[in-house]
């Protein structure tokens, strides 16, 4: 049975490797493995997606891929064990898995009929290898049965035909097992080579090289200097600026899209006076600007870390829309990523004077690949799922009553302005601290409105006004701290923020679905 399971593993592995090689000739999005993963992401109910992000954070994609890999291993072993010469149950399982791969690949928004080819290749190769390897095992076992066994017994030497038959059967069985071992090794090695070649062809090497060649233009309008008081400099407090390596990443792309500056273009069409197509060279001829802006993900739980502040280089979206001439009754920019993901952004948020940008740089360097290279959007004051399209290649000017974006179809909010939020960064939850002065510090944000006040409460005591860091702008977060004369015992500290409109952060806990979480963050710790 162990060899049966091994035969299934090698067969399915060979099929997937062949599928990767075929995907290199079609599209990396047609890879059976990643197509199935993307299909599961797209079809996952919102609560399941939020559970994954809340539980695994930015590791949600690796966890999904490892989960799929584990399921494939189990399926492969079962297929190997279940395969029969006359009733090919294992082959039927591979057919079912291949059909699922075809369905998943054709489900991709950018797919065509060729996307089915890698999964079909994987299915055919998997079945052929499984039938071949199991054939060696069938013959070996049949030889053993026909020879009546090889158990040694005390008996007179028989030099007749029976002895010759037993020797022949034993040799046949040994040969079949050797053939299985050799064939399995050859197939496994070929599979590794095929998978390696397929992935190498599909790798980001040319995009990485392209990014290294990019030199960001000097901005005609630079970001204002960061005042010294914008960062409180307290240990454990979140820094005002977030470096690229630590900036959160939440999106639906299991594979980072592969797009060079030479391949990139942005088509602007729909309810416009003039259709416009921008290339990278067109952007280089425009006047760039630089702004420091805080982004926040709608999936951020109360107290979560899916927020970050960076220095962005790009171009005002308002100026680009003026080139096309947006018609009066249009109210939505329907943006599409190169991998087919879509977002719907209110036109008024792009033209009201805020720093809505088509971005090419992050913290002084070209956009990192996973953050949208070569071009993405951002709009201060809106959650990313309605504004921050990465790898953007298409803008359709339309209306909210005529088009639904990716997450809107899945019952998320339509316009989704960022809600006022505050977070305690220190002390850490369940920590033990000495009696005396305890510094409680954190961060608050209400992009495009600004933070006016943060208050802190210990247990059921009164609210105390925290000291705010110097405000950089109403589009960035704001640090705060408060010093407490700590008394012994277990305590719970709460925080709440008030934005510049006077709206106070509500106490009621609301989940991120459909348009952002609310509630007071708290930390429990002990004073000894």
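Glycine too: its Cβ is placed from the backbone N, Cα and C atoms.
TrEMBL entries are annotated by machine, without manual review.
Per TrEMBL, the listed range annotated as transmembrane segment is 180-198 (candidates: 142-160, 161-179, 180-198, 199-217).
Note on TrEMBL: of 89-107, 222-240, 241-259, the range annotated with the feature transmembrane segment is 89-107. Long-range contacts of the transmembrane segment (63-82) within the same chain, counting only residues at least 6 positions beyond its ends with a Cβ under 8 Å from a Cβ of the stretch, are 1, 4-9, 11-13, 16, 33, 36-37, 40-41, 52, 56, 89-91, 93-94, 97, 130, 134, 254. Secondary structure by DSSP for the domain 'Moybdenum cofactor oxidoreductase dimerisation' (432-513): 0 helix, 46 strand, 36 coil.
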